[in-house]
Amino acid sequence: MNRTFDLDHKCGSFFAHFLEKIFIILSRYILIENKDMEHEYQRAVTRMCVQTALLLLQHGAESTVVVQMAQRLGIALGVESVECALTANAVVLTTLSDNHCITTARKNTDKGINMQMVTDVQRIVIAVEHHLYELEIAQRKLDQLKPLKYNRWLVVFMIGLSCASLAHLSGGDWIICGITIFMLKLLDDMLFAAIPAVGFALVFNVPPKALKYCAILAALGHVTRTLLLHINMPIVFATFFATCVIGFLGVHLSHRYLAHPKAFTVAAIIPMSSRSKEDRIN
């Protein structure tokens with residue numbers, strides 16, 4: 001009977017040891033599978049972050065915005081940190097998750113200023129931060145982005161009209177400008193500041209909805225500077241305050257419409273580069 005008990009005990013011990021080995025092997029296998037899935041997810045996040053940085057850099061976003069957007073996107077998707085380095089012709093990006101680093105590099109090819117692309121990329125990043133898009137949806141949205149290109153003849157016409165408007169703001173003859181005078185001074189200055197703003201906004205491929213705000217900001221900025229010059233303020237300070245007005249309103253509009261501030265401000269500031277009659281008096 002003791003021999004039978006010992007045999008049963010040995011069989012039970014062997015079976016328990018066998019099950020323990022099987023459990024350890026399965027646990028390691030599952031752990032490896034989970035790590036592989038985590039690493040694959042991290043690779044997908046890394047690819048999307050570097051694609052985001054590359055799109056922004058290619059279409060005219062400043063380096064600070066490029067780095068910030070890549071970092072915000074990576075953190076929103078669950079990695080611990082994102083490091084991004086920019087050069088003249090490349091983007092190098094590293095993600096860190098569970099002490100595992102993935103580094104990738106992409107060659108940069110300049111595609112010209114296109115604020116519509118910058119705005120759309122930023123909106124995707126913001127949507128991911130607010131948990132509206134998951135990785136797959138955000139990647140699909142990013143892949144579907146296409147640069148906005150205005151009609152070439154429209155751009156040519158607006159550039160010509162913009163140059164004529166700048167000539168008027170600089171004191172050019174009405175015949176040279178090709179436009180008859182029928183408006184008050186302040187109103188026509190607002191008009192001729194708004195036209196080149198829209199013209200250059202088309203060059204920068206600003207989203208269509210932002211064009212009217214570019215015109216309004218340009219008109220307000222030019223009128224602000226003109227009024228300050230009329231009270232004998234130095235041109236430097238007058239231009240500075242007018243630019244601040246445009247910048248403040250541009251930032252407000254960017255938060256309201258989830259767009260980059262440059263989409264509203266850059267084209268609006270350009271008309272102030274011309275010298276008006278008040279400038280020459282000062």
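In case you wondered, yes, glycine gets a Cβ from its N, Cα and C as well.
Note that TrEMBL annotation is computational and uncurated.
Database features, via TrEMBL:
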type     : residues : note
DOMAIN   : 47-182   : domain 'Threonine/serine exporter-like N-terminal'
DOMAIN   : 189-272  : domain 'Threonine/Serine exporter ThrE'
TRANSMEM : 153-184  : transmembrane segment
TRANSMEM : 190-206  : transmembrane segment
TRANSMEM : 227-251  : transmembrane segment
Residues of the domain 'Threonine/serine exporter-like N-terminal' (47-182) by DSSP state, where helix covers H, G and I: 72 helix, 22 strand, 42 coil
Tally of DSSP helical, extended and coil residues in the domain 'Threonine/Serine exporter ThrE' (189-272): 72 helix, 0 strand, 12 coil
Whole-number mean of pLDDT values that fall within the domain 'Threonine/serine exporter-like N-terminal' (47-182): 85
